[in-house]
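*Asks:* Would you mind keeping the following structure in view while I ask a few things?
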Amino acid sequence: MADTFSAFHRVLSFAGISIFKETNWNSKFWFTVQIFNFIIGLLCFLFTSGFVISSSSDLLLFIQGACIWTTGVIMTITLGICLVFRIQFRDFLTEMAFRDAALDIPIVDYIFNVNNGKKMMQLKKLVVESQKDLLNYTSLLLKIYVTGVWLCATLYLCSPIYSMLVSEDKSLRLLAFDMWFPWSLADIKVYTLSFIFHAYAGYLCCVAYPGLQSTIILLVGQIIRQLRILNFILQHLNELVLEVNQRKDEKWQKSCTTVLSQCVEHYVKIKRFSNRLNVICRPFYLALILVAIILVCMCSVKIAISDKLSPDTIKYYVHEICFIFVVLMFCLLGQQVDDECASLELAVTEKWYIFNRAHKQNVRIFKMALSQRMPIYIFGTITLSLPTFTWFIKTGMSFFTLVMSVLEEQ
């Protein structure tokens with residue numbers, strides 16, 4: 001657990017985001033660094049917007065600039081969310097990541113103090129291994145994502161350097177990212193500082209994107225994990241309580257109803273957590289989907305009209321793949337939450353007929369609550385799900401077809 005959180009802190013601390021730091025996480029130093037990086041992100045957004053606006057008369061240059069502009073939009077939103085909601089994200093991590101919230105369920109806490117019973121041991125194994133797997137997977141995902149974004153930023157930075165080295169024009173001044181600056185780059189010192197700004201902004205993306213998105217994936221992954229634990233308890237409610245009580249009697253009936261009440265209470269807690277997280281992340285989800293559609297379209301157009309295997313084109317492949325991968329990950333998470341809620345809705349009625357009338361009444365009420373599910377809304381009634389990912393790909397390709405038809409007519 002400590003290794004995973006250390007990996008997150010190493011990545012996010014570059015941007016001044018200290019929510020994974022064990023102590024003194026909300027110090028003035030970290031707050032100042034975070035504000036500084038947000039200003040850098042805001043400047044990137046302004047400079048890339050200026051380039052896109054100034055290049056509106058040249059469609060090819062406009063497309064090239066739009067690839068960088070979309071990235072700047074997401075980076076600025078990411079840094080802004082981390083700055084404004086840093087306390088809330090720290091609270092989310094304290095509630096669901098730094099400690100195992102499954103232990104708040106009394107029967108789960110009980111099984112860690114006993115070493116007998118087949119179903120109890122299975123539940124104990126599920127709690128321990130699911131926590132370990134989630135932390136390992138998110139840590140691995142963070143490292144893969146950082147590597148991919150770092151490769152993309154490095155390709156963008158190396159492309160102008162290579163072009164200037166092979167060019168015969170020694171006065172040529174090229175930059176890594178398409179930005180409009182209100183100053184001339186003729187002076188070598190001004191150009192050097194501008195290029196350093198580019199490099200810093202590029203590698204800032206390498207921590208802003210993977211850091212926030214992997215943190216959200218960790219938190220949503222915990223929601224999925226908690227639902228799976230509840231699913232197991234409700235599916236094997238009869239056997240679990242029997243292993244505790246040793247025989248079926250009136251006490252067994254009361255214990256089953258008590259455990260059901262514990263599951264209801266924990267489900268309500270998870271749903272409230274999910275709703276609070278979604279309120280903060282919804283603008284990010286919406287911006288990510290819309291910006292990713294534009295970026296996928298623009299990168300596809302740039303690849304289509306360029307030499308497919310040239311060094312300059314490879315960066316667009318990596319750029320596009322990174323964004324598609326991120327959208328797919330979030331849509332898969334949203335779909336998984338919905339699937340787990342559907343499984344839980346079925347599990348709550350498992351062997352309902354063997355319980356008494358009071359228990360059956362509680363089952364009916366809980367089933368009605370579960371029918372509402374835990375949708376992760378993007379906008380209106382649109383949720384993060386696999387159908388949304390299909391819509392994302394179709395819309396991106398339709399946009400791509402439209403832009404290509406405009407280019408062919410010119």
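Glycine is no exception: its Cβ is also placed from the backbone N, Cα and C atoms.
From TrEMBL, for reference:
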{"type": "TRANSMEM", "residues": "29-53", "note": "transmembrane segment"}
{"type": "TRANSMEM", "residues": "59-85", "note": "transmembrane segment"}
{"type": "TRANSMEM", "residues": "140-162", "note": "transmembrane segment"}
{"type": "TRANSMEM", "residues": "200-220", "note": "transmembrane segment"}
{"type": "TRANSMEM", "residues": "284-305", "note": "transmembrane segment"}
{"type": "TRANSMEM", "residues": "317-334", "note": "transmembrane segment"}
{"type": "TRANSMEM", "residues": "374-393", "note": "transmembrane segment"}
*Asks:* Among 29-53, 59-85, 140-162, 200-220, 374-393, which stretch has the most Cβ pairs under 8 Å to the transmembrane segment (284-305)?
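*Replies:* Result: 59-85.
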*Asks:* Where, among 29-53, 140-162, 200-220, do we find the most CB pairs under 8 A to the transmembrane segment (59-85)?
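*Replies:* By the under-8 Å Cβ criterion, the transmembrane segment (59-85) pairs most with 29-53.
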*Asks:* How about long-range neighbours of the transmembrane segment (140-162): same chain, 6 or more residues beyond its ends, C-beta under 8 Å?
*Replies:* 7-8, 11, 174-177, 198-199, 202-203, 205-207, 209-211, 213-214, 217, 311-312, 314-315, 318-319, 321-322, 325-326, 329
*Asks:* Hey, which bits of the same chain come close to the transmembrane segment (374-393), Cβ under 8 Å, at least six residues off its ends?
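*Replies:* Tertiary neighbours of the transmembrane segment (374-393) are 220, 223, 270-271, 274, 278, 282, 285-286, 289, 292-293, 296, 324, 327-328, 330-335, 337-338, 341.
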*Asks:* By Cβ distance under 8 Å, which residues at least 6 away from the ends of the transmembrane segment (29-53) in the same chain are close to it?
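*Replies:* For the transmembrane segment (29-53), the nonlocal Cβ contacts are 13, 15-18, 21, 62, 65-66, 68-69, 71-73, 75-76, 78-80, 82-83, 86, 177-181, 197, 200-201, 204, 208.
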